[in-house]
Amino acid sequence: MQNELKEDKWYHGISRYQWLVLTIASLGWVFDVFEGQIFVASMNEAMPSLIKTEPLDEVAQKDPIAVEEHQKEIKGRLALYNNVALGAFLIGGALGGIAFGALSDRIGRKKTMSLTILFYSLFTCLSAFSQEWWQLAGFRFLVALGVGGEWAVASTLVAESFPPKARARVGSIFHASSVLGTYLAILAGAFIIGNESILEYAKEAGYPSLPWRIGFALGVVPSFLIIWIRRSLKEPDSWKHAQETAKQDTSQSMGSISNLFLPQFIKSTCIGVLLAAIGLATFWGVHIYGKNVFLNSVKKDYVIEHFEGQIDVPKEQKDEYFQTIKATLKKWEMLGMFLATTGGGLGLLAFGPLCEWFGRRGAFFLFHVGGLISTVLLFQVFNNTVVIGCFLPVFGFLTLGMHAGYAIYFPELYPTRLRGTGTGFCFNAGRILAAPILFISGWMQKDWGYTLAQTATILSMLYIIGAILPFFAKETKGSALME
């Protein structure tokens, strides 16, 4: 009886090499996410420093009445340019994921993963030298080519390296490792970008943008992971077998995107793309702004305390005061990001067990319904800083958890010869569909007068579609991977 219970453990029989595969794939994903999140951690510093605007004091001298309109224009441009950069990141990730995913089916997982890491490391580092907002947005596009590709290859490699009983759990562990990448970005935001000593030095040196540039320069570090990959990893046996089969049977071509739309795959492909599109649009349009709700509430508390109970203080006075506590506010912002990310990590870890209990479709349904409810509560109902801070982990859990499902579910939809291609296509074609939504989000705030909270709440309606889609999807719980 004891032996039977031991056999039931999902991790029983996993070899050292399989754990090594999970470790390397997860590290690649950790740094992948860091390269994406370092922009989120620095966007409130980076983009304003790259926008050429007329100083407020000069505007005030010409026309004091125009100051408020000028500030509104700057705020609108920042919202638009930040969303353009986020949209460029999504489009770049889509193209990179599709291209590198197909390439991994042709030349192998090991070589392709090395290429993707080199790509995102190099261009994140080069982002530090941006002189215009559009240059930073362009570098975000190039970074994303590698970011999108790495996820497609790593998730495929993990799925091919583990038996069915362990696949959901290791898929969750793999995707949950992304939290460590976000933590690294938070640390960079709090202790480099928001470091008082560095800020003071940069100001005295006449180079106030130095802190966020250092943050981006750190992006070169993951390139050293390539050495470990090339020395330690080997191609999966299933991929080698598929290559041999493709050589003997031309109808079994490796990495053909057109084959994803064959009758036996087209439904799964379309549902996979839509699930990813909803998850990515709500991640970049809803999840990442949880920290802003927290920060805005903290700012309100500081204003009430500093101005002795007053809240309707002129904006220029508040902005002047906020400049004196800039480093403190940055740490509060990073705390909000930390709380949402921690909850998100727990959600990613929970998806594996939940999809074993309720199936893949049931787990997707639960998280999308939870994402909708938590977003409405955070952005429209709660207005107390303590309550918001306590709720942020719950919000993160429910708005991020379903992302683990992509690493678990997408590789299960395709045979080995199409696994990297299909996984990469679903996740990254979803980016293409999500990108215009972020552009619209920027325009809603710049030109249509919507607040950030209103915009995020409107975007959260996408969770309704995400809750319905699983009922049309194929259930893969307990199934072996297709050969």
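Each position is counted from 1, following the chain as shown.
Including glycine, each Cβ sits where the backbone N, Cα and C put it.
Across all of the domain 'Major facilitator superfamily (MFS) profile' (21-478), the predicted model scores a mean pLDDT of 87. Per TrEMBL, the feature domain 'Major facilitator superfamily (MFS) profile' maps to 21-478.
Per TrEMBL, transmembrane segment is recorded for 84-103 (among others).
Among the features that TrEMBL reports, transmembrane segment is placed at 115-131 (among others). Here the transmembrane segment (115-131) has long-range neighbours at 28, 31-32, 35, 38, 46, 50, 96, 100, 103, 139-140, 142-147, 149-150, 153, 213-223, 225-226, 229, meaning same-chain residues at least 6 beyond its ends whose C-beta is under 8 angstroms from one of its own.
Per TrEMBL, the feature transmembrane segment maps to 137-158 (among others).
If you look up TrEMBL, you'll see 170-192 (among others) marked as transmembrane segment.
Long-range contacts of the transmembrane segment (212-229) within the same chain, counting only residues at least 6 positions beyond its ends with a Cβ under 8 Å from a Cβ of the stretch, are 24, 27-28, 31-32, 34-35, 38, 41-42, 45-46, 49, 110, 113-114, 117-118, 120-125, 127-129, 143, 188-189, 192-193, 198. Taken from TrEMBL, the feature transmembrane segment applies to 212-229 (among others).
Long-range neighbours of the transmembrane segment (270-290) within the same chain, counting only residues 6 or more positions beyond its ends whose Cβ lies under 8 Å from a Cβ of the stretch, are 40, 86, 89-90, 336-337, 340, 344, 364, 368, 371, 375, 378, 392, 395-396, 399-400, 402-403, 405-406, 409-410, 413, 422, 425-434, 437-438, 441, 452, 455-456, 459-460, 462-463, 465-466, 469-470, 472-473. Annotation source TrEMBL lists transmembrane segment at 270-290 (among others).
Within the chain, the transmembrane segment (334-355) has long-range Cβ neighbours (under 8 A, six or more residues past its boundaries) at 40-41, 168-173, 175-176, 178-179, 182-183, 185-186, 189-190, 194, 287, 290-295, 362-363, 366-367, 389, 392-405, 408-409, 477. Residues annotated as transmembrane segment in TrEMBL: 334-355 (among others).
The transmembrane segment annotation in TrEMBL covers 362-380 (among others).
If you look up TrEMBL, you'll see 386-410 (among others) marked as transmembrane segment.
Remote same-chain residues near the transmembrane segment (422-444) are listed as 79-84, 86-88, 90-91, 93-102, 104, 144, 148-149, 151-153, 155-156, 159, 257, 260, 265, 268-269, 272-281, 284-285, 406, 410-411, 413-414, 450, 454-455, 458-459, 462 (criterion: CB distance under 8 Å, separation of at least six residues from the stretch ends). Per TrEMBL, transmembrane segment is recorded for 422-444 (among others).
Non-local neighbours of the transmembrane segment (450-473) in the same chain are 79, 267-268, 271, 274-275, 278-279, 281-282, 285-286, 289, 292-293, 360-362, 364-365, 368-369, 371-372, 375-376, 379-380, 402, 437, 441, 444; each lies 6+ residues outside the stretch with a CB under 8 Å from one of its CB atoms. What TrEMBL lists as transmembrane segment is 450-473 (among others).
Within its own chain, the transmembrane segment (84-103) is flanked in space by residues 36, 39, 43, 47, 112, 115-116, 119, 133, 136-138, 140-153, 156, 255-257, 280, 284, 420-425, 427-432, 434-436, 438-439, 442, which lie at least six positions past its ends and keep a Cβ under 8 Å from the stretch. For the transmembrane segment (170-192), the residues of the chain that approach it from at least six positions outside its boundaries are 22, 25-27, 29-38, 40-42, 154-155, 158-159, 162, 198, 211, 214-215, 218, 330-331, 333-334, 337-338, 341-342, 344-345, 348-353, 403-404, 406-408, judged by C-beta separation under 8 angstroms.
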